[in-house]
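Taking it in order: structure first as structure tokens, then the write-up.
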């Protein structure tokens with residue numbers, strides 16, 4: 001018995017010694033990495049003989065640290081916003097105008113960058129939601145019910161009206177393309193629309209367009225809005241496609257329309273998108289064709305995108321500025337958003353009396369109510385951050401982090 005006890009104790013002691021040795025070794029390695037990192041920050045002339053010898057003795061570590069530094073530098077460069085000077089911007093827009101005029105089938109892909117002028121933050125820009133969260137900062141409040149289609153949205157509507165653009169594929173959930181007047185058949189909202197809830201128990205699925213953000217109670221894999229279909233009494237669901245989900249709804253996603261448009265396109269114009277998500281949708285890029293038979297790609301974005309090396313032309317400019325110049329080159333008038341003619345007011349279905357209190361979101365105010373709402377906002381002072389929903393969840397994360 002004593003022999004077994006002693007044997008067990010010695011095994012445990014040996015294991016402890018091994019663990020301790022590993023910890024000491026890891027700590028030594030951390031200290032070495034720290035020392036070498038400091039040495040690498042010095043110029044060759046500033047390094048002592050002893051420091052040079054240390055670098056020589058740890059060549060593998062020096063190479064790994066150099067690779068890490070290069071990756072960090074490259075990542076920083078990719079996140080920087082670059083602006084073309086006025087003359088260069090005009091020259092590039094002229095080339096884009098020629099391409100649009102000569103094309104038979106133009107498709108536009110849009111991202112969050114086209115809505116920043118409507119006071120809706122983007123995601124990966126210097127002041128984007130995710131950029132701020134990564135830095136541990138809070139995200140400023142944004143009342144999405146007061147957002148209106150931007151100059152870019154209205155230019156796209158006009159280009160479609162005059163048949164220069166055949167289809168629009170958007171990653172945005174803000175519903176501003178729909179509100180600009182763009183027809184539903186010419187629009188694919190791949191990640192859903194915050195104003196639309198559907199009943200997928202009905203066949204075909206029924207749509208209910210609202211004047212408020214329907215995503216207040218929804219989240220990843222949890223799409224029920226709490227309201228019921230007036231026809232079958234099943235729970236309605238939002239249309240938002242979160243990261244990690246696959247969109248299956250026919251509308252407003254309209255994947256069929258997006259894929260068909262991409263197949264027919266001879267020019268694709270990407271506006272205000274990092275393309276980090278869109279690049280994964282292979283059906284949008286015709287990569288199964290030889291390079292000379294793919295659509296020509298024109299990208300308008302201030303930051304690097306993973307499709308830059310495939311682009312015929314990259315324009316570094318703000319979307320509204322570029323689209324304003326493009327309309328000038330094409331000799332087209334830039335339409336102004338007209339709230340009384342906003343299609344959402346005629347498309348929206350009112351809630352039943354029992355459901356009037358089923359949400360706390362502000363509704364899109366009809367023109368007559370705008371003045372009163374503005375006065376109320378001034379009386380209340382600073383806006384309160386939006387809670388819940390597809391966009392408001394970022395605010396909650398920011399506050400917790402802070």
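Using the three backbone atoms N, Cα and C, a Cβ is placed for every residue, glycine included.
Any TrEMBL annotation is an automated prediction that lacks curation.
Annotated region 'Disordered' per TrEMBL: 1-26 (among others), in sequence order.
Per TrEMBL, the feature compositional bias 'Polar residues' maps to 1-10.
Annotated compositional bias 'Basic and acidic residues' per TrEMBL: 12-26, in sequence order. Residues in the compositional bias 'Basic and acidic residues' (12-26) partition by DSSP class (helix H, G, I; strand E, B; coil) as 15 helix, 0 strand, 0 coil.
Summed and averaged per residue, pLDDT over the domain 'Deacetylase sirtuin-type' (86-333) gives 90. Taken from TrEMBL, the feature domain 'Deacetylase sirtuin-type' covers 86-333.
The Cβ neighbour count for residue 191 (active site, proton acceptor), using a 10 Å radius over every protein chain in view, is 20. The feature active site, proton acceptor is assigned by TrEMBL to 191.
Per TrEMBL, the feature Zn(2+) binding site maps to 199, 202, 229, 232. Residue environment of residue 202 (Zn(2+) binding site) contains 13 other Cβ atoms, counted within 10 Å of its Cβ in all protein chains.
Among the features that TrEMBL reports, region 'Disordered' is placed at 350-375 (among others).
Taking the binding-site residues 199, 229 in turn and counting surrounding C-beta atoms within 10 angstroms, the largest count is reached at 199. Highlighted in sequence order, 200, 201, 205, 206, 230, 231, 233, 234, 236 have their Cβ within 8 Å of the centre of the Cβ atoms of 199, 202, 229, 232, the residues recorded for Zn(2+), and are not part of that set. Of all the binding-site residues listed here (199, 202, 229, 232), 199 has the Cα closest to the Cα of residue 191 (active site, proton acceptor).
In the structure as shown, the Cβ atom of residue 232 (Zn(2+) binding site) sits within 10 Å of 11 other Cβ atoms.
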